Amino acid sequence: MNNKEMKARQEKIRNFSIIAHIDHGKSTLADRILEKTNTVSSREMQDQLLDSMDLERERGITIKLNAIELNYTAKDGEIYTFHLIDTPGHVDFTYEVSRSLAACEGAVLVVDAAQGIEAQTLANVYLALDNDLEILPVINKIDLPAADPERVRTEIEDVIGIDASEAVLASAKAGIGIEDILEQVVEYVPAPSGDIEAPLKALIFDSIYDSYRGVVLNIRVIDGVVRPGDKIQMMSNGKTFDVTEVGVFSPKPIARDYLMVGDVGYITASIKTVQDTRVGDTVTLADNPAAEALPGYRKMNPMVYCGLYPIDTSRYNDLREALEKLQLNDAALQFEPETSQALGFGFRCGFLGLLHMDVVQERLEREFNLELITTAPSVIYHVNKTDGTTVVVDNPAEFPEPVTIESVEEPYVKAQIMVPNDYVGAVMELSQRKRGEFITMDYLDDYRVNVVYEIPLSEIVFDFFDKLKSSTKGYASLDYEMAGYRTSRLVKMDILLNAEKVDALSFIVHRDFAFERGKAIVEKLKKLIPRQQFEVPVQAAIGQKIVARSDIKALRKNVLAKCYGGDVSRKRKLLEKQKEGKKRMKQIGSVEVPQEAFMAVLKMDDQDNAK
């Protein structure tokens, strides 16, 4: 194909994403679009087709972005090439959304006709506006009994400030309005603006590791053309590779002769090691490189840290390899080696939130057959010491001794909670209980309120989301962003088993809640840790001071069973002898701590948490 034909084809390319809050129908809409454009035969069609991970199907959520090429014959008779990128809706995966939006010119904004705009809808719209995308509003689920499309239309105009007069009314499930959406994409989403004759410039927006082909790069070509046989160069580290195959996903990979401006597809180039590529890097040709790299992505900083340890310590290196391969596919994951006296060798991992942590742990266990122990998550604290230095601590076990601490600062987040009027009281009560500070409250319309609080991240990390959902019957939605550090009265609480500290069970707590939290955890551990042959005291301590204690009673054999009658001193002698044995055992005995005990520090029951 010569340059002229390529330029004509470029005019017919449309790249767009589907963005929405969780459960507003993104993946179902993507399914209908695939059916409508005959990309997938009805025999191969299945619900949530683009959610290829088992985990995504089970949980009914999208975790990974997915890019796919479709051909659509518009009403004007022309054939257009669409690149559709399905994105996640959960706040933990905002990074995936920002990456997919950088590869598009337009975004289809799906809003539930009954629920209206939610917190994540807004967050994703702002990301789309940052990328200068054309936004096409779609009001979905109009066949629901509670649907009120006109209210949602005014909400879109008032809250987001975009014209919704031409918003498509659709029902992805029933297949209503799908053609109107595709026609709007043709009409309103601009064609890619790159230059076909310029040196190659392509953005890596995702990558996966294939054990046969090495690293497979998912790219969006911004300028130029790339073909098999070309020598490509990574602009961040200058490494070069020979392209072996280029192609697109439709939804299965299909090899092509070239990828040109505006195409969204994949490249394989025998890239063997995971470290050679980075999501957000720019690919160019080695013999005709681009003058400057694309802006790429801002690096995501983890919000939550936890320790991951293999139950079988000999699989430490397998865990390292698994994390490296997962990092290719999940750029927001960070990790570094660490050791624990209780758990041996493992990794300290950083995540964007609890759901992200959960998903990574499950993927490691499923895709790499690892058995893992996870320690309770914690956030990053800044500890100002008496000698004038400041230490950054992400692991409670590394918290300095209380006598050396001048003050401790913890991260706060600005939480936007969208909630129906009836539940405002419940949300405010929960936020106050979690040490939140009220900032402001806006009425979006007669039914919905946007409540803004500043809350310590450590409180959000534990169980805020679950509690928010249960106290508002699932109607509230949450979005949060960092709001800096503040000084708080925090202390480190150690858990002692049989008078020995278990470093993996330590956690940071606000001084006002230390006593209740310590007491609750000690009681919980007492139930979870199996009884031993000797009595085991479980203690919670701040520094040298014990604040709570509970004893796990010993299992004991009835040594008097064979002692029929006889003198009482004989019975006493047997009991004393047993007592001596237990004492000796206690000095050398070690206590096995089950995985549930580590998670107990995390998930305290409601009555434990009445704080």
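Even glycines carry a Cβ here, placed using N, Cα and C.
Among the features that Swiss-Prot reports, domain 'tr-type G' is placed at 11-193.
Marked as GTP binding site by Swiss-Prot on the basis of sequence analysis: D23, H24, G25, K26, S27, T28, N140, K141, I142, D143. Within 10 Å of the Cβ of I142 (GTP binding site) there are 19 other Cβ atoms, across all protein chains. Classification of I142 (GTP binding site) by DSSP places it in coil, neither helical nor stranded.
For the binding-site residues S27, N140, the greatest number of Cβ atoms within 10 Å around a candidate Cβ is found at N140. Its Cβ placed at the centre, G25 (GTP binding site) has 24 other Cβ atoms within 10 Å.
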